[in-house]
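The next block holds one structure in the form of structure tokens; read it before the comments.
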Amino acid sequence: MANHNGLITDVDLRSHENNLAHHTREIDRERLIVRRGQPFSISLQCYVSLPPKHQLELILHLGSKDEVVIKLQKGRGAGDNWWFNQQRAQDDILLTLHSPADAIIGQYHLVVLMMSPDGHILEKTDKLSFHLLFNPWCKDDVVYLPDESLLQEYVMNEDGIIFMGTWDNINSIPWNYGQFEDYVMDMCFEVLDKSKDALKNSEVDIKQRNDPVYVARMVTAMVNSNGDKGVLTGRWDESYTDGVAPYRWTGSVPILQQWSNSGARAVKYGQCWVFAAVACTVLRSLGIPTRLITNFSSAHDVDGNLSIDFLLNERLESFDGRNKRDSSWNFHCWVESWMRREDLPKGNDGWQVLDPTPQELSDGEFCCGPCPVTAIKEGNLGVKYDAPFVFAEVNADIIYWIVQADGQRQKIRVDQASVGRNISTKSVYGDYRDDVTQQYKYSEGSNRERDVYKKAGRRVTNEITEPGQLKLSIKPSRPVLGTDFDVIVEVKNEGAREAHAQLAMVVMAATYSSLNRGECKRQTISVTVPAHKAHKEVLRLHYDDYVGCVREHHLIRVKALLEAPGENEPIMAMANIPMSMPELLVQVPGKAVVWNQATAFISFTNPLPVPLKSGVFTVEGAGLLSATEISVKGDINPGQKVSVKLLFSPVRTGVRKLLVDFDSDRLKDVKGVATVVVYKRHIRSLN
């Protein structure tokens, strides 16, 4: 018979103490959030001492329909099971719960039962809710990472740096991962709950959420919206009027909020760095150490032959890009997550590539990975998941073909060294770039690198060499957007005879994904180069030449083709010229104190020779303020400086980043950042 007097008068989940011990206090200080494989304690306050021979039983429920029910053992038992022990202190009972290191992650509901000596339920508490996450601090968890400095960066850091540009002109933007912002963790679990596997069979899905391989794979599929209720829709054709342009995002939190608040309708729009950044937020929030990677000169091998074939016509124009074809991106972003791969042979633990950008199907889903980085370096392409595709991204050869009017193809260039350069991630020690190329591949051109390439099934192609007498190159340039600049093409004659040749030069706009976006200028001339001399041809580009074709990534691509009588093959050179962006100045003077008002001053000067219309600043920062837009009134004339003031009240202490983005009709993706140290509020004692 139930005891209606209520022996248990109160339950304290001890959230403050538990969350601090479990490295989750940044997520929430009121709700209980713990990590698997690490004990936590709750206390029961009783009206009187527990009667003799009465027992407590603890039952866990997991899933919206209680798909999983777990009865905790009292005292440590055999096997990796949940168990608890109890201590009495007067009328209080301290319960310490122990979860196995491979427990299912998710939201649990705990019920405490007071049992009579003959096994009847005398009293039953209401369901007590808590969340369980992966635990990279626990040696027995497969996501264990034994370096505290790495844990602070790859789990706890909410501020990131994403590297972009080209391999020889790397720039970066700040990013707010915001994994500890209000209710972001809940939205990350919602991502799992909206997956096709969860909607198809929630019980089977939930029981697999103890495996970080399964969870990570689900996250990469759900960050993009191809074929499911995923978070982001990708677009690369610059038509963003029905959504937000990818370059305008400065953090993951507004994206996840919009997706969740809309009932899991995909947010428009993302590109590779946005997909990767959102995946990084979700995986760090769930407790899997994760970092964002940028691969410069990244290959997309559609047909799986480990080479990228570019077909050009005689005007150096690419064939119709609407057809599915190989491509090489100036940069491509993915994430790496740290885990022990118990589903693979030894040697495949550690960093795993996960790519949420929808490119190719993997077991019927638009996802990629997890794939061991070590397997890529050694050419072990039989390893799960998607090793051949990732291997090609960092190792494929690039072959250029001229398709002549009669349809015949002429191979004009084989490049074995361009793909997979300066593979980068943010340093653990600050906002610097760490080069991790050597983790993916042996030195370019080395015997070991070529041996791995052959092991992976791709023949080394050395049959094409550039003609010996003439050399063609394009000198690098670093123009500032809005200025006139020169492109210098050099023809060098290393032979003993004077050379006559036809030189064609084409300047076009391009995207980071190597799509051509319109021709800016074309010039074809005859050149004569004396023996052992060089001829430099200067192509002047005025602002009016490129303003109509340069797109969101402010990238100019120059192609040059040299044809000379007596030479076996035409000679081709190509260079990407990223245009430098103007500076956006962000300042937060004075001392910032939590919950006290602070002031940010933001200024920007128009560098273009034309007015800017519809200017807008977007400001956000983890622990500082949610995404806020500030519109600029009127036009911003050439050379005009515009300044805005923003008042905000920090909500969390520590070193924070205030991120600012500026966009207008003619100038977009101008970024700025300020570091803000937020101090605790000190309350003066009353005399």
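Note that Cβ sites are derived from N, Cα and C of the backbone, with glycine treated the same way.
Note: the domain 'Transglutaminase-like' (264-358) comprises 15 helix, 40 strand, 40 coil (DSSP; helix = H, G, I, strand = E, B). Residues or ranges marked as domain 'Transglutaminase-like' by TrEMBL: 264-358.
According to TrEMBL, the active site annotation covers CYS272 (among others).
The feature active site is assigned by TrEMBL to HIS332 (among others).
Under a cutoff of 8 A between CB atoms, and with a sequence separation of 6+ in the same chain, the neighbours of ASP355 (active site) are THR220, ALA276, TRP334, VAL335, CYS367, CYS368, GLY369, ASP386, VAL390. Here TrEMBL flags ASP355 (among others) as active site.
What TrEMBL records for ASN395, ASP397, GLU444, GLU449 is Ca(2+) binding site.
Between the alpha carbons (Cα) of CYS272 (active site) and GLU449 (Ca(2+) binding site) lies a span of roughly 27 Å. Figure note: comparing Cβ neighbours within 10 Å for the binding-site residues ASP397, GLU444, GLU449, the maximum is reached by ASP397. This prediction places the mean pLDDT of the domain 'Transglutaminase-like' (264-358) at 89.
In this structure the alpha carbons, written CA, of HIS332 (active site) and ASN395 (Ca(2+) binding site) are 14 Å apart.
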